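Since the structure comes first, as structure tokens, the remarks are kept for the end.
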């Protein structure tokens, strides 16, 4: 009975799917010349590829055969052509063209298979690599500059709420900033490295994308979140500024140490110009905001009154611009990306909060530092990846990691804020917690007391 079942199964395989044979069994060691090492084309672009199949010498002359040329992944590229055995000359050679059409950015392979009429199939062991590129709609430099301008406006807005006395206290007793530094440049890179290795073994570009996402210092979004969650805004901005300045030193160090383990490419570079320029611009905008508060009190009172709406508007513009121009990355969304995007900010938040409490920080400071660590930067990892010399379309394929992680970290904070509001927990816990009404009152009192 078992032999009968095996025979039936063999017949099904021969009749429907064919039997995958060993290369060389059907027609000797036949060869394929693609005329190039790699085929690169744009999405929705078609190219004619000249293909030469030769040295085809069937072992059984009575058995008919044909060749099938196809794409390994039809989602990326499409190629489907059949070459009958009758088109081969006496020497077993065929020369012709194959049409290949790009569909979605990414990688595929052009496979050449020999099919016998008996159902056996063997494939040429060296397929042609196909790289499908995304057509550029807007220059990436334009989006980078616009995003930077929005971020700097955000810091200019936040600079007006800085309190020099409280900043001095933070600098003189820098326990909070030290916790922020350790969390950002020790805890988060270690988490990113471990998660990347666990979720994408052997996929170095994705590991590198998550590592850079964890390493990049937080931006103005973390400061805005601290405003809404009634955190210590002075500590939040001070930590962001210090981390942005220290990133110029810590990023090259981490990239030289763990970056080489994640991605064994000697061309990993650090965009020192962009890092130093961004840090200098951040400090300049905060200084301008602080000067506005000291020198133009009427203007700063207006900013105080509309601080939250302005912060929300700038934040939505920054996030909307980045996501809108990179919407294509979500086609590469997988469960591994979801797990990484959830685990990285949650683990960062818990680790930083526990470290803050171990060092006897107040609840407000612990919340502020945890938010500072867990709200991930969306723009900086993209800049780092662009500087890493990843070729297209590989760069586009990995952008889903930093963008998704940053978005979900923001969503988690919004959910956290909603829960706090519903349960009545979103209140000031000490004098350092942010309250825009008290800020306006203190500012009016200071202006009134001026001679």
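Just so it is clear, glycine is given a Cβ too, placed from its N, Cα and C backbone atoms.
It should be emphasised that the depicted structure is a prediction, and the values quoted were computed from it without experimental measurement.
Noted in TrEMBL for the protein shown:
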- 1-21: signal peptide (SIGNAL)
- 142-162: transmembrane segment (TRANSMEM)
- 174-196: transmembrane segment (TRANSMEM)
- 208-229: transmembrane segment (TRANSMEM)
- 241-263: transmembrane segment (TRANSMEM)
- 275-294: transmembrane segment (TRANSMEM)
- 306-329: transmembrane segment (TRANSMEM)
- 335-355: transmembrane segment (TRANSMEM)
- 367-385: transmembrane segment (TRANSMEM)
- 397-419: transmembrane segment (TRANSMEM)
Contact between the transmembrane segment (397-419) and the transmembrane segment (208-229) (3 or more Cβ pairs under 8 Å, separation 6+) = yes
Ranking 142-162, 208-229, 306-329 by Cβ pairs under 8 Å to the transmembrane segment (174-196) puts first 208-229
Do at least three CB pairs under 8 A connect the transmembrane segment (335-355) and the transmembrane segment (142-162), leaving out pairs fewer than 6 apart in sequence?
-> no
Ranked by Cβ pairs within a distance under 8 Å of the transmembrane segment (208-229), the first of 275-294, 306-329, 335-355 is 306-329
Give the one range among 275-294, 306-329, 367-385 whose Cβ atoms make the most pairs under 8 Å with those of the transmembrane segment (335-355).
-> 367-385
